[in-house]
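Colleague: Just lifted these from Swiss-Prot, have a look:
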{"type": "BINDING", "residues": "Cys41, Cys44, Cys64, Cys67", "note": "Zn(2+) 1 binding site"}
{"type": "ZN_FING", "residues": "41-85", "note": "zinc finger"}
{"type": "BINDING", "residues": "Cys59, His61, Cys78, Cys84", "note": "Zn(2+) 2 binding site"}
{"type": "COILED", "residues": "424-468", "note": "coiled coil"}
{"type": "REGION", "residues": "460-525", "note": "region 'Disordered'"}
{"type": "BINDING", "residues": "Cys525, Cys546, Cys553, Cys556", "note": "Zn(2+) 4 binding site"}
{"type": "BINDING", "residues": "Cys539, Cys553, Cys558, Cys561", "note": "Zn(2+) 5 binding site"}
{"type": "REGION", "residues": "571-773", "note": "region 'C-terminal disordered region (CTD)'"}
{"type": "REGION", "residues": "572-616", "note": "region 'Disordered'"}
{"type": "COMPBIAS", "residues": "572-581", "note": "compositional bias 'Acidic residues'"}
{"type": "REGION", "residues": "620-685", "note": "region 'Clamp-binding domain (CBD)'"}
{"type": "REGION", "residues": "650-708", "note": "region 'Pro/Bas region'"}
{"type": "REGION", "residues": "687-773", "note": "region 'Disordered'"}
{"type": "COMPBIAS", "residues": "742-759", "note": "compositional bias 'Polar residues'"}
Amino acid sequence: MAQTAYLKVTRIAMRSASNLSKRRVEELNSGLGELRQLLSCVVCCQLLVDPYSPKGKRCQHNVCRLCLRGKKHLFPSCTQCEGCSDFKTYEENRMMAAQLLCYKTLCVHLLHSALFGELAGMRPQVARELVPRIKLPPKTTQEFIREGSNISDTFDIFLPQPDLPFLKDMPTSLPAETPPTSAVTTPELPYDHHLNISDIEAEAAATAEQGHFSPLPLLPTGSRMGMLSHAGQIVIATESSESGFMDQAWTDQVDLSGTVSVSKYTNSGNNFAVSYVMPTSATTKFDPQELQIGQVVQMADSTQLAVLAAVEETVETSTQLTVLSTTVEETVETSTQLEVLTSAEEPNEISDQLANLQVEESDEALVEETVEEAEGTSIPSEVVAEHMEEDQHLDVHTSQSPTQTEMEEAVEEHVATKTQLGHVQTELQDAESLQKDFEDAKAAAEEAKEKEKDLHAISAELQKEDSDEPTLKRKRTRTLKASQAAKIEPVPSEVKTKVQSGKGALRRIRGKDKEEKVKPPKPKCRCGISGSSNTLTTCRNSRCPCYKSYNSCAGCHCVCCKNPHKEDYVESDEDDDLEDFEMPKDVPEPMTQSEEPVVAEPRQEENSMAPPDSSAPISLVPLNNLQQSQHPLVLVQNEKGEYQGFNIFQGSKPLDPVTVGFTIRVQLQHTDGFGSLPQYAYIMPTIDPPNPPAPSLSPPPPPAPDREVIEPPAKKFRTSRTRRGRANFSALDTVDELVSGGSRSNSAAGDRSSATDNAHSLFEEIMSGSDDL
């Protein structure tokens, strides 16, 4: 249906507006409205975007991809696609997408044709049918044409774009597309083709009746498909705006004998040409009789282009010459300025140059830069001598200057040079003083190094003596070491006071002072790399310095470290200074266990405090974060089987878990390399529940009184009371007696008058017994 409506509208749109009757214009108006309905979404009533159609339906009620689940505005409602509302019932319709591109091209053609003016003020009149359709928005036909020409064409997004810069500004078109033509601009074909224009087409081109003979493309002008593969024709339109309203067609003839074909795109590889109407007063070298409408001219033979190119070259060369001349003049000026400044034999030129420098600010900046480059980073004595000679020449020749202004300027320059020399001399003196201070500081640093070497030798001897002694002797040697360091401390302070005047030397001395404060390195653990046959036992013999000093192994290379000492007496170098002032009075002796020798070694902070009171109760303090534990860690298992961290205290003093009896110790794994989790933790042994007390010999308690349970009386059934046990009744032995009324004779029921009485009495007996149930 949409293709049929498109073909009907296209046949009318390809005709000339001057030959169309009013009825044809109305048909075009109604056809555009019908085509707009068929190409619209039945949900949003706009032109389709990514059209989808119902599967297996022929109603052709298309929707946009984003409107699949929306409410359809069809009047009347469609019974075929009423239940279609998801991607399972809709499928993509690419034919409708191509139809939309054709509709866009049609609207672009109508927008630039004379038919657009004929449709001014008209609204599309759609015939009322019983077919379900949408209602068009309240717009005019011209507004619908503008809407169709502005359809966003997304099909050429992923196509290759032209790489050359001049192709980006070219109007995009397809090889088969023919743009609107006019008397001023006519399209041309490539050079190897010739355009055959009939008389009707020439008349239409001259009277501005464009396009009724040209084929209409199937893709819009915005598409760039095939741009690089095919050398398409260049389209040049007079204006991109829509054509206005015209009361009647333009029938005036235009003289096209003076047209000149000039290349539009000189950078392109193809020799395209466009015909322009030149004014009669224009002087051209072309013969007007030789050129016709649409004639192709090869631009390689054109002389005007050569003239233009030559003019451009001359202009470029002239600008280059001017630039070169200015640069040469500037270089000459700078060179003359440098020569004047460096030569001391021409003082008159120096004074003239100084006068010019004060007038021209740009030249003054250049001179300052050249002077700074000439001086360099260091100022030798030869430069100072040259400045002195220049000062002498200035003093001699200032009287010879012809004008008073030059004399004053020379005097000012002389004063400036003197001040510069004074600054240079002061800087040299400062440098000499800094060098002297640096030499003094260097000598002091060497003396400090020698003393430090002596200190290293003394500490090594003390460590050898301390190898077989207990922990207390080790601490005494540290006090001696600290006293030796205290004696040497005043030396770098004196060095600092000497070198406060210098700048760079002071920084070097400060760095050396820090190096002097560094204490000698502790002996490294060589466990695992000592070359012994059994590397698993090297951590527990006398060859391990860490084991001998009752410390944990530092940098151990063993397969499995067997050193039982997992805590150091002194954790950092700062604790050595604290030991000199705070010595513990009582040091607890280490406790040994049968399973594994574990030494309880309290930290320096615990040693500095008084021993805990033995009478104080022992308490466990829970920890929220195990990494914040500053004391030995104790793990206690709760009722859920989970372990929780605690610190053990006696009063306010921390305790070592070994002293309490916690002998089970586990190694903790560090999942985070930046944490401070303790290496080992002690597990609190599980406390067995107390045994039940033994039974006492006291008499057993009296038994509990029995509770009387009141139960409802059992259902009593009436016992079978024989008739013999009752008065005036005899037992009925057989059924015959019951039927015969109690007679023992074999007689039928009703033979005697007392049969009914007996039956009544029996019934009353049965009913009276039901009261006892």
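Cβ coordinates are placed from backbone N, Cα and C, and glycine is handled just like the others.
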Colleague: Could you state the whole-number distance in Å separating the C-alpha atoms of Cys67 (Zn(2+) 1 binding site) and His61 (Zn(2+) 2 binding site)?
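Modeller: Here the two Cα atoms are 12 Å apart.
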Colleague: Find the average pLDDT over the region 'Clamp-binding domain (CBD)' (620-685) in the predicted model and report it.
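Modeller: Mean pLDDT for the region 'Clamp-binding domain (CBD)' (620-685): 74.
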Colleague: Which binding-site residues from the set His61, Cys84, Cys553 come within 10 angstroms of Cys41 (Zn(2+) 1 binding site), judged by C-alpha positions?
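Modeller: For Cys41 (Zn(2+) 1 binding site), the binding-site residues whose Cα atoms are within 10 Å come to His61.
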Colleague: Rounded to a whole angstrom, what is the C-alpha distance between Cys525 (Zn(2+) 4 binding site) and Cys539 (Zn(2+) 5 binding site)?
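Modeller: So the Cα of Cys539 (Zn(2+) 5 binding site) lies 9 Å away from that of Cys525 (Zn(2+) 4 binding site).
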Colleague: When a 10 Å sphere is centred on the Cβ of Cys41 (Zn(2+) 1 binding site), how many other Cβ atoms does it contain?
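Modeller: Neighbour count, Cβ to Cβ under the 10 Å cut-off: 23.
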Colleague: Taking the binding-site residues one at a time (Cys59, Cys64, Cys67, Cys525, Cys556), which has its Cβ surrounded by the most other Cβ atoms within 10 Å?
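Modeller: The largest 10 Å Cβ neighbour count belongs to Cys525.
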Colleague: Other residues near the Zn(2+) 1 site, CB within 8 A of the CB centroid of Cys41, Cys44, Cys64, Cys67?
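Modeller: My list of surrounding residues reads Val42, Val43, Cys45, Gln46, Leu48, Val49, Val63, Leu66, Gly70.
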Colleague: Taking the centroid of the Cβ atoms of Cys59, His61, Cys78, Cys84 as the Zn(2+) 2 site, which other residues of that chain lie with their Cβ within 8 Å of it, listed in sequence order?
Modeller: Val42, Pro54, Lys57, Gln60, Lys72, Leu74, Gln80, Cys81, Glu82, Pro132
Colleague: Please identify, among the binding-site residues Cys64, Cys539, Cys546, Cys553, Cys561, the one with the smallest Cα-Cα distance to Cys78 (Zn(2+) 2 binding site).
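Modeller: So, of the listed binding-site residues, the one sitting closest to Cys78 (Zn(2+) 2 binding site) is Cys64.
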Colleague: Specify the secondary structure state of Cys539 (Zn(2+) 5 binding site) as given by DSSP, simplified to three classes.
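Modeller: DSSP call for Cys539 (Zn(2+) 5 binding site): helix.
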Colleague: Counting across all protein chains shown, how many other Cβ atoms sit within 10 Å of the Cβ of Cys546 (Zn(2+) 4 binding site)?
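Modeller: There are 23 of them.
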Colleague: Roughly how many angstrom lie between the C-alpha atoms of Cys44 (Zn(2+) 1 binding site) and Cys84 (Zn(2+) 2 binding site)?
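Modeller: About 16 Å separates the two Cα atoms.
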Colleague: Between Cys84 (Zn(2+) 2 binding site) and Cys64 (Zn(2+) 1 binding site), how far is it from one CA atom to the other, in Å?
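Modeller: Spelling it out, the Cα of Cys84 (Zn(2+) 2 binding site) and the Cα of Cys64 (Zn(2+) 1 binding site) are 13 Å apart.
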Colleague: Between Cys59 (Zn(2+) 2 binding site) and Cys553 (Zn(2+) 4 binding site), what is the CA-CA distance rounded to a whole number of Å?
Modeller: 88
Colleague: Count the Cβ atoms, other than its own, that fall within 10 Å of the Cβ of Cys78 (Zn(2+) 2 binding site), considering every protein chain shown.
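Modeller: The Cβ of Cys78 (Zn(2+) 2 binding site) has 19 Cβ neighbours within 10 Å.
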Colleague: Taking the Cβ of each of the binding-site residues and counting other Cβ atoms inside 10 Å, which one has the highest number: Cys44, Cys553?
Modeller: Cys553
Colleague: With Cys64 (Zn(2+) 1 binding site) as the reference Cα, tell me which of the binding-site residues Cys539, Cys546, Cys561 is the closest one.
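Modeller: In terms of Cα distance, Cys64 (Zn(2+) 1 binding site) lies closest to Cys561.
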Colleague: Please work out the number of neighbouring Cβ atoms within 10 Å of the Cβ of His61 (Zn(2+) 2 binding site), leaving out its own Cβ.
Modeller: 23
